[in-house]
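These come from Swiss-Prot:
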MOD_RES   K90  N6-succinyllysine
BINDING   T139, G178  FAD binding site
MOD_RES   K159  N6-succinyllysine
MOD_RES   K216  N6-acetyllysine
MOD_RES   K255  N6-acetyllysine
MOD_RES   K267  N6-acetyllysine
ACT_SITE  E421  active site, proton acceptor
MOD_RES   K437  N6-acetyllysine
MOD_RES   K446  N6-acetyllysine
MOD_RES   K446  N6-succinyllysine
MOD_RES   K500  N6-acetyllysine
MOD_RES   K512  N6-acetyllysine
MOD_RES   K542  N6-succinyllysine
MOD_RES   S649  phosphoserine
Amino acid sequence: MNPDLRKERASATFNPELITHILDGSPENTRRRREIENLILNDPDFQHEDYNFLTRSQRYEVAVKKSATMVKKMREYGISDPEEIMWFKKLYLANFVEPVGLNYSMFIPTLLNQGTTAQQEKWMRPSQELQIIGTYAQTEMGHGTHLRGLETTATYDPKTQEFILNSPTVTSIKWWPGGLGKTSNHAIVLAQLITQGECYGLHAFVVPIREIGTHKPLPGITVGDIGPKFGYEEMDNGYLKMDNYRIPRENMLMKYAQVKPDGTYVKPLSNKLTYGTMVFVRSFLVGNAAQSLSKACTIAIRYSAVRRQSEIKQSEPEPQILDFQTQQYKLFPLLATAYAFHFVGRYMKETYLRINESIGQGDLSELPELHALTAGLKAFTTWTANAGIEECRMACGGHGYSHSSGIPNIYVTFTPACTFEGENTVMMLQTARFLMKIYDQVRSGKLVGGMVSYLNDLPSQRIQPQQVAVWPTMVDINSLEGLTEAYKLRAARLVEIAAKNLQTHVSHRKSKEVAWNLTSVDLVRASEAHCHYVVVKVFSDKLPKIQDKAVQAVLRNLCLLYSLYGISQKGGDFLEGSIITGAQLSQVNARILELLTLIRPNAVALVDAFDFKDMTLGSVLGRYDGNVYENLFEWAKKSPLNKTEVHESYHKHLKPLQSKL
């Protein structure tokens with residue numbers, strides 16, 4: 001054990017195990033998660049290849065092998081609970097992306113959300129056992145987030161009771177679905193439904209694409225891999241082109257919308273019900289943002305405690321770089337953000353499950369807010385985490401650029417989350433559309449609930465966006481209640497500014513669509529402020545529920561840092577709205593520096609509480625034992641370029657050149 005890390009852990013003011021229990025949901029969850037992890041670590045069949053030294057084809061093969069072995073092992077161990085499956089995958093796959101992942105994360109959830117009982121009986125078991133390997137084919141070469149623009153067609157033929165699927169243009173070719181290129185034999189395809197001469201918009205169809213047994217593409221199907229990408233090298237993101245490809249009528253998922261044998265269309269109770277899979281995945285991505293940022297913080301903070309560099313006082317030993325205030329200012333707000341996102345991720349998961357249960361009973365009242373909140377928080381958390389992961393890499397100096405640090409892989413694996421499952425700016429605008437509807441309802445005298453209830457204060461003119469918001473007392477920068485109120489006022493103010501600017505453009509005889517575009521920057525700002533308020537509120541609401549006083553104190557410091565750092569970064573919004581004064585902003589910045597000092601003794605213990613195994617981190621710099629330099633040298637020796645003392649290229653190219661000089 002590195003002596004600096006040993007000292008760091010000894011200096012902590014709390015027991016990290018107690019925070020681990022909170023993050024896992026309970027001590028029992030922690031016990032069970034570790035039990036599952038130990039099954040993997042003690043299994044002789046488990047092998048962990050260093051993906052950094054593999055070709056793309058090798059990475060894909062290893063990932064497929066891992067996926068197949070993982071399914072067999074989960075059956076062997078009797079692991080079927082969704083949360084336990086997630087724990088198993090995280091350690092078993094380590095830092096590999098799973099080619100069969102969309103079978104479990106999108107194909108099966110879509111069957112559950114949109115399939116009839118008969119359809120679930122037909123396809124669920126085979127897909128759970130990987131007889132059917134499914135993917136989710138929505139995105140096309142020419143359209144992604146703009147679902148109404150998708151061009152793939154499914155035309156119903158009542159004579160044969162079949163749908164005829166076509167990719168009518170080059171831009172209509174399905175493009176990007178994970179596992180589509182080489183792995184999947186089925187896809188849930190989103191296509192424009194045409195029956196009796198009318199187009200009824202996007203619907204989901206279960207489409208066999210490869211023959212089971214031979215795995216060859218079926219007639220009418222053209223399918224393959226889209227090529228190398230920024231990351232995800234072991235994932236076979238693919239393309240799919242369909243030419244007059246016929247599937248039975250029963251392959252349309254018909255839990256909500258239906259097509260009768262004669263071609264009659266029966267519309268769903270709500271069009272938004274078909275977006276269930278997207279909402280599910282977006283709610284999951286919030287938690288994934290927390291996980292990825294937590295990994296990067298763990299690596300950067302542990303390494304910063306081990307790395308010694310430069311000097312603070314002359315003639316004294318080189319200090320740990322974690323002692324530099326600038327390093328703390330880079331990393332501790334990100335650590336606070338990781339914790340904030342953990343809590344909001346759990347909140348979103350619980351909210352999704354609760355509302356989904358209500359939807360199953362026919363209550364759709366909370367669906368619009370769920371759709372808006374998952375879209376906005378998906379964008380807010382992934383943007384923030386993406387930038388934070390890169391900040392952690394740079395905080396590791398030159399070694400952070402090496403794949404040995406683990407952070408480059410975390411970054412390239414996470415960064416597509418900013419554009420898949422909904423491009424983030426478009427997601428923010430979807431949230432804004434909901435906020436504008438709520439704003440109109442409030443202005444007409446209706447009281448609203450949920451996370452937008454703060455807009456109920458608008459008619460009383462307590463918030464005056466173009467002038468001064470009435471602030472009854474000075475903001476107490478040590479009061480989480482007061483800081484939450486400040487974020488609430490900022491959100492309300494920016495929502496009202498966007499709404500009034502939108503109305504101004506409409507009153508100038510602009511169409512609603514043109515007015516929306518001309519207001520879109522304000523609308524995104526309003527959505528961002530709303531999401532920021534939700535995160536602050538969820539984090540601060542969590543603290544009173546924590547029993548242990550030492551744990552509560554350290555998490556309170558993180559919550560204060562998260563809230564104050566956000567005010568510092570968005571100071572213009574708070575100043576323009578007269579929510580805080582210039583003098584208070586100076587106090588905020590001073591208090592942030594005080595909090596860095598308070599958090600410093602607990603920094604390593606706070607990342608230890610995430611309880612990542614070294615295998616999951618995949619980092620030489622972030623090792624639990626802190627023995628960085630010895631292992632960095634050993635890691636470098638594994639490079640394929642080191643297999644020979646003299647590379648063959650020397651004899652082929654350099655030696656002939658040198659002999660002529």
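Cβ coordinates come from backbone N, Cα and C, glycine included.
Among the listed modified residues, namely K90, K216, K500, the Cβ with the most fellow Cβ atoms inside 10 Å is that of K90.
Taking the C-alpha atom of K159 (N6-succinyllysine) as reference, the shortest distance to any of the recorded positions T139, G178, E421 belongs to T139. Put simply, E421 is the one of the recorded positions T139, G178, E421 whose Cα lies nearest to the Cα of K446 (N6-acetyllysine). Around G178 (FAD binding site), the same-chain residues six or more apart in sequence whose CB sits under 8 Å from its CB are V97, P99, G101, L102, T135, Y232, M235, D236, N237, G238, listed in sequence order.
The modified residues examined here are K159, K255, K437; by Cβ neighbour count within 10 Å, the least packed of them is K159. In sequence order, Y200, A257 make up the list of same-chain residues 6 or more apart from K267 (N6-acetyllysine) whose Cβ falls under 8 Å from its Cβ. When the Cα of S649 (phosphoserine) is compared against those of the modified residues K216, K500, K512, the shortest separation belongs to K216. Here K255 (N6-acetyllysine) is compared against the recorded positions T139, K216, K437, and the shortest C-alpha distance is to T139.
Considering only the modified residues K90, K216, K500, K542, K437 (N6-acetyllysine) has K500 as its nearest partner by CA-CA distance. Nearest by CA distance to E421 (active site, proton acceptor), out of the recorded positions T139, K216, K500, K542, is T139.
The Cβ of K446 (N6-acetyllysine) has 10 other Cβ atoms within 10 Å, all protein chains considered.
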